[in-house]
Structure formats: C-alpha cells, structure tokens
Amino acid sequence: SDYSEFKYPFIKRASSFWASSSSFSSSNTDEASYDYIIVGGGTAGCPLAATLSQNFSVLVLERGGVPFSNVNVSFLSNFHIALADTSPTSASQPFVSTDGVINARARVLGGGTCINAGFYTRANSGFIRRVGWDERLVNESYPWVEKQIIHQPKLAQWQGAFKDSLLDVGVSPYNGFTYDHIHGTKVGGTLFDRFGRRHTAAELLASANPKMLTVLVYATVQKVLFDQTAGRRPMAMGVIFKDENGNQHRAFLTNNRRSEVILSCGAIGTPQMLMLSGIGPKAELDKLNISMVLRNEFVGKGMADNPMNSVFVPTNRPVEQSLIQTVGITKMGVYIESSSGFGQSQDSIRCHHGILSAEIGQLSTIPPKQRTPEAIQAFIKGKRDLPHEAFKGGFILEKIARPISTGHLNLVNTNIDDNPSVTFNYFHHPHDLQRCVDGIRMAAKVIQSKHFTNFTRCDKPTVEKLLNMSVKANINLIPKHTNDTKSLEQFCKDTVITIWHYHGGCHVGKVVDPDLKVLGTNRLRIVDGSTFNESPGTNPQGTVLMMGRYMGVKILRRRLGKAAHV
C-alpha cells in the first residue's frame, strides 16, 4: 500500500528502517551505511539525491509525508488552503518571526515547491557571479530541472492586464516568456501544468537510480553524530532520527573520508539543526546545555527576508484565479508581481496567512507587533459578516530585491519539531524603506493605468465603498496620498508581509567554505538557501532546485572525474 501511496518504490515510512537504535551495537557492522545522508528532501535535497544516486548510495530523511496524494498540494485552486492548514501533519508549518510577520516553512517531500505559488525563474547573472559558481555547469543544471517539472503558463486575463499596465508605467521592454532575469516585464515559468496540477521537486526523484536511493518519510532528524577524537576536526558519522511512531534510529555513513552528511533543511531548519548538533554560538549552546562540538558565532546570523507589501485591487467582475505569471523587474531594486481571485471561495474564509486574498492577507492592515493569535481569531470571526465584494479582485505585490536589513535565528528549546525564534528586522535600514516607498508609488501607478481600470471596470463609488469595508476586511488599498513620503513609510512598516523568500543563517565564509562544506568539520556540507546572502532572481525556487543538481554533479565529478555518470 505504501507503494501506491508513495509513487516510487524507494520511498518508505521511517518506521521501516530496520537498524533501530535499540539493537545498536558499538561494532557498527550489522547496520546499513550510506555514502551520502541527505537531511531534508526539499527543493534542493530532491535533485541532489537524484544526482548523487547515479554513482553512490543515498539516504534521504524527510520529516514530512509525500505530496502525491495531497489535494491541497496538487491543485492551484487549493494553494491558499495548504498554507492555512496549521495542523501538525500539514505540508506547511507556520511560524511567526519576532517582527510579528506570519510566515511558513515546508514539511513535506518536495519542500517549498509543494506549497509555493509556483513561479519559476533563473537567477540574476550577478548572483551566479557573486557566489562564484561555474557558469557552464549552472547553464546545464537549470535545463535539467526545467525539462522535468517546469511549464509555460497560459496567461490569465488578469496577468495580461497587469503586463500592459507595467509597460504603460515604464517597466520595459517586454521580454515575453522567458526563464531569464532581465530588466523589464516578462512572463516566467511555473510548476503548474495547463490542468492546474503542481509538479514538485519530489518528481525529480524519478530520474534517480532507484537501486541506490532510499527515501524515508516521517523521518525527523534530531541531530548529526560526530566523531570527536581529541586533536582532530569533528567528523560527521551519521544522524539520529525518529520515525512516525516516535522510535529512535541511527543511520551511519560508510567508512570513507569522502562520505558526507548533507544538510538541506532550509534557512530555518539548517541553522537550527547545526546548533542542536553542537555547532553554533557559545551562548546559544550554553543556555540549553547542548554540548559543544564546534564553536561558530556565525550560525543563525545574517537571516534575511525580502519584505513584501501588497495592495488590493477591487474589481466589478468575476476574476479567474491566477498565481504569479507576469513580473516587473524594475531598475530601482523592486520587483512587482500580482495574483488574482483567491478571495471568493467559502472554504478560504478560514484562512489567515498568505498573500492572496483579503482573508489570507496576513492581517496586513494590523501593524506586525499586533498580529496576535487573538487578533487572528477576532479577524476570522468578523470575516463572515463581510459583503461579498470585499473579496473580488486581486493583489499587486511589491518586493524589495536585496534587503540590507538582516536579523538572526535563536533556539527556543532542544525540540527539533518546534520553530526556533527568528528575527528579520524588516526595514531597519533606511534604504530598504526608501525602496518600499518607491515600489508602492509604482504599484499605485500600475493600478491607475487605463489597462487596469478598463479591465477591473471599477468606478469611484466602488473604490470608496471598498475603502470603508477594507478596514474590517484587512485589505490594503493604496494610501490616498502617495506623494506624502512619511505616510508611505508608515504604510510600508504597518503592512509588511512575507513572500517566503527568507534566506541566510549559514553564510559562505562564515559557516561554510565556497564548496559549502561546514568550516572546521569533516564530512559535513550544507546545500540550501541558508548559504545565500541574497535571494536569487525575482523568485528563488528555480535557483535552489538548480543548486541541488549543480552541487550533486560537482561532488560526483570531484570524486570520480570522467567516470561520473551525469
């Protein structure tokens, strides 16, 4: 039954792992061992595993379940429902940063590709240059992903009107449908096929060597195990994980100096995993009595999240649901995107975070620090009495490209299932705030463009009426006085939300070397967005998917040279 549910024969429940630690023997001979243990089967972990399995034995440990039979994951129309499902088995695990912004992280095989809005683009060329990757291999790795799971969208009418409006206000030229990140207005790729079905990173496992790969779902890694022989660098030996029944197991690396534990737990999970394994700032480890394997003050530092502000565009006509298809890449460090039609359904009334409708606008008319659970409850209650028009329309989203403001991640306890405490310090740097103000002004122009007003068929009274309703509905409308910089700065601070592009916490040169090996250790590497100090392109998933493939090929070629089967 697992096979039909899990789609591939190498995906199994964690409890099926036979080397349970109760029979743990010091001889370590009767246990399965692996050339690579990948912690986290997400956006980077899946392509990485598929690639490494061409030549070596790979164990992937994923804390969530599979995305294949989950209707909230599979269909575009249910995008907001998966995000709003806060149950412990949901594919999405909510967290709230200390800034007060409601956010989400993935808890499913396929990672963020299972719960995001689907938009696919390559990185800006400056990003690839700054991280020092081999351009030729990068340009081979993107198509490897694209051929398997990326599609050209059928442009929704809303997205067409948005495109014309962007061009109208000077975000030009029009670059058509392209994966490339270039100034102007473009249509990007998507994980959703023409039937509205999502294709996730988990499908990249189809190109793995099935004889060499084992993927365990519901396998929650507790920590990395190290050999700490005095006078030597700590060497990763394996991991301890618990299965869906709460039983503990150990998995070990083969006895070879090139074997590796690779952390691909994402920007929240990886710094947390390092600290729980004894690598991190002294004060962090001391406060929870975690025995120190290696002191590194930079673990969990430099956390960043691109601030997003959204503006509601009311319409007087029904709008089809559309997620991000068209994007405006401005020259002022601001990206403009849009979504439509996620406000009308009855089931979505329960929702309370995301980007796509009045009710999942993340309480964005309440200043961040006041977005308490009580506020959320009161808000959901008030929702049911709102007139239907409050939910017709869409959002213009404005995102800061490379925020200068950064924050930090700290442990709250030693339980890996609980979120760490994360601070992003949105808009701490005045330059970030200035760009938001510029972006909101541009969003206002887009909405006022004749292409949009013709499309939305909204007359003045409707807008006035909506302005009055919006206070109750938690809809952000454009502030009335867009020439008043002070009030726009306040609008930016009060309505900041996230587009889930957070990154950092394990920066290159601070926590890992340029090959992403953890400094001061042996056999431990990180492959995910925690190593980034900027989010690539308008939307990062394409580059994180590519990174999994790229690093896999790089590792194989370094080990095997021409003999690598890739």
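Each Cβ is built from the backbone N, Cα and C atoms, and glycine gets one as well.
Only one of CYS492, CYS506 is recorded by TrEMBL as the disulfide partner of CYS436: CYS492.
The FAD-binding residues named in the record, GLU62, ARG63, VAL108, VAL221, TRP500, HIS501, GLY529, PRO540, GLN541, extend over a maximum Cα to Cα distance of 25 Å.
Residue density at GLU62 (FAD binding site): 32 other Cβ atoms are found within 10 A of its Cβ, drawing on all protein chains shown. For the pair CYS492 (disulfide bond) and GLN541 (FAD binding site), the Cα-Cα distance reads 25 Å. Non-local contacts of CYS436 (disulfide bond) by the CB criterion (under 8 A, 6+ apart in sequence, same chain) comprise PRO307, ASN309, VAL334, GLU398, ILE400, PHE427, LEU488, GLU489, CYS492. TRP500 (FAD binding site): 23 other CB atoms within 10 A of its CB, across all protein chains.
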